[in-house]
Structures are given as C-alpha cells and as structure tokens.
C-alpha cells in the first residue's frame with residue numbers, strides 16, 4: 001500500500017472518565033497517527049464506546065488531556081469536533097429514519113454549506129448552486145460505497161447491513177480527517193463483513209482518512225488494523241501491532257481466551 | 001396508464017431535485033393553480049369564497065407553520081392559535097399606529113413579531129421534549145391570550161379586546177370584495193407554501209428533520225441543536241403569525257383574543273395529524289378536510305336522517321366523527337392524507353399492470 005503513516009494526530013494522555021461513582025475509563029493514554037487504522041478492542045463494558053465519545057466531545061473526561069493535531073484541546077462540544085474533521089458512526093445505527101438515503105448523506109455535508117434559511121426559502125441562485133455542488137460530492141460517496149440503487153429510499157425501509165453502510169456514507173460525506181467507527185460490522189453476515197472491510201480499507205487508502213475502529217471480530221481487527229489498543233474494565237491492558245497484542249498474556253486472559 | 005414517467009430522463013441534479021420531478025405532477029399542479037387562482041374566483045359564489053375557500057387557505061398556512069415545528073422539527077406545540085393572535089394584533093397595531101404602513105409590510109412585520117414571541121416561548125425546548133414541551137407551549141397559549149385581553153393598548157382600548165381590521169389596501173387598490181380578498185389570500189398562501197417547501201427540501205429542512213429523528217447524531221454531525229430548534233420555532237411562528245393576520249384581515253374582519261383559544265390550536269394540530277405530519281401538501285389537505293367536514297356533515301346528516309335526530313345531535317355528531325377520525329389516522333395512517341395520496345400515486349404508476 002502506498003499510504004504513509006504520518007505523525008500523531010490525536011494524543012490522549014491519562015484520560016479518566018467517571019459517571020458518578022462508576023469509573024468508565026481510568027488513566028488511559030494512547031495515540032492515533034495520521035492515516036493509520038487504529039482498533040480499540042476489549043470485552044463488553046470495557047469503555048470502548050466511551051473512549052470514542054471522549055474523542056468527539058460527547059463526554060468530557062474529568063482528568064487527562066487530549067492533543068489534537070498537536071494542540072491541547074479545550075473542553076469541546078460534539079459540533080466543534082465535527083468542525084475540526086472528526087466524524088463517526090454509532091454502535092446502534094443513528095440514521096435519521098424519516099429521511100431518504102440521499103438526504104441522510106446530505107446532512108453529512110451541513111458544515112460545508114453556507115447559505116442561510118432565507119436563501120434556502122427562495123432556492124434561487126446561490127442556494128441552488130450550493131445544493132447541487134454538494135449533491136455532486138454526495139454522489140461520489142454514493143458511488144464509492146455502491147449504494148446508487150437505494151438513494152431515494154427512506155432509510156427506515158433498508159435492511160440492517162445497508163443501513164450501516166449508509167451511516168458510513170453520511171460520515172464520509174463530511175470528508176473527515178478522522179473517522180470513528182463504533183462496531184461497523186456488528187450483526188453482519190460474512191459477506192457483508194467482507195464488503196465493509198473492503199470499504200474501510202478503501203476509505204483509508206483512497207481518502208487517507210485516519211480510522212479509529214471498535215470491533216469484536218478478531219479476524220477482522222487483526223487483519224486490517226495497523227495498531228490495536230486493548231481495554232478492560234476501563235483500563236488499558238495492551239497496545240501495539242496486532243501480532244504483539246495477540247501474544248500479550250494479559251490480553252489473552254482478559255479477552256481473547258485460549259483454546260483448551 | 002396516463003401516469004407514467006417512462007421516457008422522462010433527468011440529466012442534471014437540478015432536474016432531479018425539482019419539487020415535482022414527474023411531468024404529469026407538474027402539469028397537474030399548474031392546472032390546480034389555474035383552477036384555484038383564476039377559475040374559482042370567477043365562478044363560485046360569495047358563500048363558497050367567504051365560508052370555505054378563504055378559511056381553508058388561511059388554516060393551511062397556519063398548519064404549514066405548525067407542521068414545520070411539529071412535523072419537521074419534531075417539537076410538539078399547542079400554541080399555534082396564540083401565535084396567530086400575535087400576528088393578528090401585531091398587524092392591527094402596525095397599521096393603526098404607523099401612518100401609511102403598507103399592508104404587505106405590516107403582514108411581514110406581524111410575522112416577525114410572532115417569530116420573536118415564538119423564539120421566546122421556544123427557549124424551553126432546549127431542555128425539555130415531547131409532552132412536557134407541549135405543556136410549556138400551552139403556557140404560551142394562555143399567557144398570550146390573557147395578555148391581549150389584560151392590556152388594552154393592544155386593542156386600542158376597545159372593550160374586551162375586540163378589534164376591527166382596517167381596510168386592506170395595496171398600491172391604492174382596496175381589497176373589499178370576497179373575490180379580491182380570496183385572490184390576495186391565495187397568492188400570499190401559495191407564495192409562502194413555496195418558500196416552506198424550499199426550506200424543507202434544503203439544508204434547513206434537513207437540519208430540522210435530523211433533530212427530529214435523532215438529536216444526538218445530529219449534534220455529532222455538526223448541527224447546533226439550539227439554533228436549529230429556535231429557527232424552527234421562529235419560522236413556524238412567522239407562518240402562524242401571518243395566518244393570524246390574514247384571518248383578521250381577509251376572513252373574519254373582527255377578531256378578539258378569545259377567538260384564538262386552545263380549541264383553535266387543537267384544530268390546527270388535528271389538521272396536521274389528519275393531513276400528514278411532515279408534509280406541506282398534507283397541511284392543505286388537512287385544513288380542507290377539517291373545514292369541509294362539519295359543513296359536509298351539516299348538510300349530509302339531515303339529508304339522510306331527515307329532522308328526526310334534531311340539530312343538537314348533528315353538532316355532537318361532528319365531534320364524534322372528528323374524534324373517531326383522529327384515532328383512526330393515528331393508528332392506521334400516522335402520516336395522514338398526504339401519505340394516502342402518495343400510496344395512490346405509487347399504485348397508479350403501475351396501474352393497470354401491477355406485475
């Protein structure tokens with residue numbers, strides 16, 4: 001592959017997150033480098049999704065620092081994270097059920113659209129041009145993810161696997177620097193998983209998007225990740241390249257298990 | 001067989017994103033516009049214009065307003081009538097107190113006033129949702145009507161807040177006949193419906209629907225919840241406000257605050273439930289349905305049963321039918337008449353060879 005793994009783009013230092021008395025994350029540090037595929041694995045309740053929520057500003061950790069592109073990040077709201085180029089998909093599909101596939105993906109481009117509601121109301125000149133310019137970008141994503149045939153279908157009517165793909169499309173439409181994927185392959189059959197893996201690798205290769213991935217399918221994780229971080233009960237128990245992690249005794253004990 | 005789109009290819013995205021992408025729909029739309037814009041005022045009598053067509057148009061506009069807020073942005077509101085009252089009284093005061101105020105400017109200012117009040121009462125929506133928000137808008141409903149009665153300034157010191165709308169004059173022409181008032185209302189409502197449709201099919205509307213369908217995801221994508229919700233309140237109240245002003249100026253003529261009571265708010269809510277939540281066309285269908293149904297029942301029930309049932313029964317019968325219909329629509333077709341129309345069109349595309 002031609003892609004070059006670059007410098008550290010997100011650096012998380014000593015992150016701790018509590019909900020009342022429940023410690024979701026305890027003193028976790030790891031980093032993500034530009035253009036890499038970074039996986040987060042661990043048993044249920046290990047704090048993987050919380051980790052993603054910390055990165056894109058849904059949760060604010062009580063302790064620790066986040067450096068984004070080298071700069072210390074202040075407490076930020078999710079829409080600010082989006083403005084800085086962090087997009088994500090959700091574990092439970094978070095599409096806008098009443099809207100068509102096309103409209104859903106168009107929402108991904110909202111931050112790049114500059115017209116106000118009065119211009120939209122007239123739908124003339126600038127507003128229409130803008131709409132069409134973004135439609136062209138969205139159509140590129142639609143083509144990339146091979147969902148041309150369903151673009152006018154309301155997402156509520158689509159099967160699960162396709163909904164996951166539409167959600168990826170919506171995140172991609174924002175042209176993010178970093179893409180956070182929360183279990184993009186959960187509940188899929190083998191073929192759908194293969195497709196999804198191919199799309200993730202293509203995105204990474206074609207757009208150079210940095211990807212942070214949560215996934216339970218170890219075959220997939222070990223195959224496509226550059227580096228893997230392992231969480232257990234909110235603590236980091238392993239970090240490194242797939243082979244390294246695979247042979248880490250703590251990780252085997254907590255999560256991977258052994259064949260008896 | 002006439003309703004086919006075979007051979008109609010869209011070569012540009014502009015063509016693909018038209019309001020009516022199918023040619024037959026476009027033709028049908030313009031035919032409707034001509035019928036209601038030209039033929040109807042020429043051919044119908046005063047009763048139809050004054051008692052049916054003008055109110056249908058005005059309630060359609062109010063229903064569009066509520067649909068923007070409830071149907072598109074997902075914020076339940078029971079204050080539509082109060083925002084109509086704000087519009088009506090604001091227009092009255094602007095025309096009364098500012099010398100030479102043009103009617104159309106007063107109409108826009110009335111909408112803007114209602115929008116500002118709407119933003120104020122929309123603030124609770126940032127913290128509360130669903131039924132609780134409905135209760136908060138209920139406060140708007142009662143507070144505004146109370147304030148309009150309480151402070152005589154609003155009604156220029158008339159007793160119990162009754163005001164009589166001034167003449168409607170645009171560029172020296174006074175709209176005094178029902179025909180003229182109808183055409184004016186028709187043009188304003190058609191124009192505003194177009195603006196509403198444009199808003200909901202572009203980024204503004206997508207923001208509203210995103211907040212309606214899943215607010216957390218909307219935020220993560222970059223929508224500002226506060227801005228989006230308050231914009232929905234503002235635009236919705238603007239529409240209700242203009243509808244209220246038209247209600248006073250081209251429909252009733254003499255209004256009092258008590259006329260904009262909770263019953264009217266509910267009536268508008270029923271319009272969007274029956275017409276179609278989240279549909280501009282549904283707002284028109286719902287308004288027409290709710291205005292026409294009582295008239296239909298008034299004439300139809302005595303026709304079948306004669307006078308045996310008595311007048312009291314007929315008016316109660318209306319309520320029974322209303323209640324029944326609302327339950328029916330909520331259970332069977334939550335997207336209302338607009339959805340039924342859409343299903344009919346989908347069937348028609350395949351008719352008569354559905355396989």
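Quick reminder: no glycine exception, Cβ is built from N, Cα and C everywhere.
Residues B:27-43 are the range that TrEMBL records as transmembrane segment, among B:10-26, B:27-43. Counting C-beta pairs under 8 angstroms (sequence separation of 6 or more), the transmembrane segment (B:182-200) reaches the transmembrane segment (B:27-43) with 3 or more such pairs. Non-local neighbours of the transmembrane segment (B:27-43) in the same chain are 20, 49, 53, 179, 182-183, 186-187, 190; each lies 6+ residues outside the stretch with a CB under 8 Å from one of its CB atoms. As a quick check, the transmembrane segment (B:230-249) and the transmembrane segment (B:76-95) clear the bar of 3 or more Cβ pairs under 8 A, pairs 6 or more apart, so the two touch. The stretch from B:49-69, B:76-95, B:101-123, B:269-297, B:309-332 with the most CB pairs below 8 A to the transmembrane segment (B:130-149) is B:76-95. Within the same chain, residues 51-52, 55-57, 59-60, 62-64, 66-67, 70-72, 78, 80, 193, 196-197, 200, 209, 314, 317-318, 321-322, 325-326, 329-330, 334-339, 341 sit at least 6 positions outside the transmembrane segment (B:269-297) and bring their C-beta atoms closer than 8 Å to a C-beta of that stretch. Listed stretches B:49-69, B:101-123, B:309-332 were compared with the transmembrane segment (B:76-95); the greatest number of C-beta pairs under 8 angstroms is found for B:101-123.
Residues of the same chain lying 6 or more positions beyond the ends of the transmembrane segment (B:309-332) and with a Cβ under 8 Å from any Cβ of it are 270, 273-274, 293-294, 297-298, 301-302.
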